[in-house]
Amino acid sequence: MKIINSKQKALQELRRISQRTTSGDNKKINSIVENILQEVKFHGDIAVEKYTKKFDGFYPKPMQVSTRDLKTAWEETDQHLKKSLEVAYQRIKKFHEKEIPESFTIKGEFGDSVQRRWMPVKNAGLYIPGGRAAYPSTVLMNAIPAKVAGVKEISMVSPGNEKGKINTTVLAAAYLSGVDKVFRIGGAQAIGALAFGTKQINKVDVISGPGNIYVTTAKKLIYGFTGIDSLAGPSEILIIADRTANSSQIASDLLAQAEHDPLASSILLTTSNDQAQEVFDEVFKIIENHPRKEICIQSIKNWGLIAICENLESCVELSNEFAPEHLEIITIDPKTTLKSIENAGAIFLGKWTPEAVGDYLAGPNHTLPTCGNARFSGSLGVETFMKNSSIIEFNEKSLKINSVDIINLANSEGLHSHANSVKIRFED
């Protein structure tokens, strides 16, 4: 982790961090994933089983988790944890219900009408990271908006551990969220199964959910066969702070991101020299006894940054350039600072709003754009699992009144048959 007090050097470092997923192995990874996808496309379940054994160490037979096992997982979950899952479920559901887009109709002066109609996709596939990890919150954040959208069938894939078991809490979250089918598979082969369909797994219309570089590459390659939510990179947090912020709290928030992944990025932009040093010291003090010490060290060492800025305006300028996935504003007046923020996936205001609040139960989705993509995209939501159609209806009068303009525009583009398709309707 570097401490930098030059705006220009800080900008250079932020750009380096933003490009941290760029790798010389991309061609090799693409080739591996392409081969896996092709095998799944042509050999279905046999290929899925083959690669699950190769990469995860077990044959997924049966591949699907039974409805009974899902219910049992919920029943066996600790009562306190069940309550927490239910609280999160209700808050996330309430927020996403407000996201449902409205269809509308505009009636023209001469009897014509145009409509926008929103409809859910029929089938959705959710990818939930697994193996040694367990992320029930990711189940909630993907399944709830799909359910709110009105998706008829939600299929979830998640890799099992070395014994082929999916974490009980992950299964409990799937049961609570109304996931219809759960399969004990992961990796690029699972993405291929969802995209192309197999005898056991129905082809889906949209795939959502985060994964490693192989999963992300698979999502990129199957886009066009099916829809995807986004191409998520490693997680990141940027904190804008002034001297009123608590240095220990900032250090904890930075490490809450670093513990995710060696490629996770934790950044502090502060107006205080003293605070910069205090946070630096506190970060390494906490790391010494951290249960994920090695991951934190790699993340902080390679992708951590503390930049000292002349004022909050400079902090905001650097933040907007970086476009962070998570942005915390811990200043004397966070709402005033917020007014100048242009690019961020999710924004957390004040010292009582650590990023973990958004990860678990605030309500907004925690699947957010990374690596600068917040400049042009936002979070996963209900619309991820919906599509819209335009419905257009003209009558004789409205077409006749507009015919001259349509014909003029068609002729300007050299499209004779377009123009003639209007003319012919008024010929005797």
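Cβ coordinates are placed from backbone N, Cα and C, and glycine is handled just like the others.
Note that the coordinates shown come from a computational prediction; the quantities given were computed from them, not determined experimentally.
In the three-state DSSP assignment, the secondary structure recorded for E325 (active site, proton acceptor) is coil. In the structure as shown, the Cβ atom of E325 (active site, proton acceptor) sits within 10 Å of 29 other Cβ atoms. The active site, proton acceptor annotation in Swiss-Prot covers E325 (among others).
What Swiss-Prot records for H326 (among others) is active site, proton acceptor. Taking a C-beta cut-off of under 8 angstroms and a sequence separation of 6 or more, H326 (active site, proton acceptor) has the following same-chain neighbours: S235, E236, I237, L238, Q257, A344, G345, A346, F348, E355, G358, L368.
Y127 (NAD(+) binding site) counts 28 other C-beta atoms within 10 Å of its own C-beta, drawing on all protein chains shown. Summarising the annotation, Swiss-Prot assigns NAD(+) binding site to Y127, Q189, N212.
Around S235 (substrate binding site), taking its Cβ as the centre, 24 other Cβ atoms fall within 10 Å, counting all chains. Per Swiss-Prot, the feature substrate binding site maps to S235, Q257, H260, H326, D359, E413, H418; the stated evidence is sequence analysis.
Every protein chain shown contributes to the tally, and the Cβ of Q257 (substrate binding site) ends up with 29 other Cβ atoms within 10 Å. Annotation source Swiss-Prot lists Zn(2+) binding site at Q257, H260, D359, H418.
Looking only at the binding-site residues H260, H418, the densest Cβ neighbourhood within 10 Å occurs at H260. Taking the Cα of Q189 (NAD(+) binding site) as the reference point, the closest of the recorded positions H260, E325, D359, E413 is H260.
If you draw a 10 Å sphere around the CB of N212 (NAD(+) binding site), it holds 15 other CB atoms from the protein chains shown. On a Cα basis, H260 (substrate binding site) lies 12 Å away from N212 (NAD(+) binding site). Between the binding-site residues D359, E413, the minimum number of other C-beta atoms within 10 Å of a residue's C-beta occurs at E413. Mapped onto three states, the DSSP output places S235 (substrate binding site) in coil. Across the residues the record lists as binding NAD(+) (Y127, Q189, N212), the two Cα atoms farthest apart are 13 Å from each other.
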